[in-house]
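As annotated by TrEMBL, domain 'Alanine racemase N-terminal' applies to 16-229. Look at TrEMBL and you will find 41 tagged as N6-(pyridoxal phosphate)lysine.
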Ligand SMILES: *Cc1c(COP(=O)(O)O)cnc(C)c1O
């Protein structure tokens, strides 16, 4: 990576961290309550490495093959890998061991496969909820969430930590904010009747275009890709 690109990456990262802490402050929250997941799916591996050097230790990938490769190449760096994209059941076995948190737990079938694949330690996961109602999106329908949560909580090797969602593509920030509020409300209502040992503390929501709205509605993790790499 050239020095100018490194400088630009540092500026982008600094800007985003500032926007996160401003959004948290406006919501009466501490900046530390919101973790930045740097989504490196479109970034070159050198750029991802530069991000780690700059202190970003949570990296997100949406395609399993790239996650596997990069996890292997970064084995001796301090990186927590987040799987944020749809995962086919037959890829659970290779994905579970290299994933710190899987955000895209979008069907009971996948969750069963992940529990079976997580032999060394329970795998931390989020349930992905289709909050926008967009048919093209993956995710559990909000009405099915309680049922899936109960069944998933019985799987021995999963640690269910919360929910993940994506806002509708259309409608701008106002619609996004309503989608995020709906996810938080769903989390609150599930948490009231949650099975033992399931806390649902984490809310993974917000991307480059809408992470401030997500923080206003309680996001504990934002998944930011394109804004980090602007101009690089
Ligand atoms: C790509 C991706 C992101 C990051 O999106 P940007 O708009 O590039 O910030 C976040 N979440 C998921 C699930 C993604 O696939």
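Backbone N, Cα and C atoms are what each Cβ position is placed from, and that goes for glycine too.
TrEMBL: automatically predicted annotations, no manual curation.
Here residue 41 (N6-(pyridoxal phosphate)lysine) comes close to 60, 61, 62, 63, 66, 85, 225: these same-chain residues lie at least six apart in sequence, with C-beta atoms under 8 angstroms from its C-beta.
The predicted model assigns the domain 'Alanine racemase N-terminal' (16-229) a mean pLDDT of 97.
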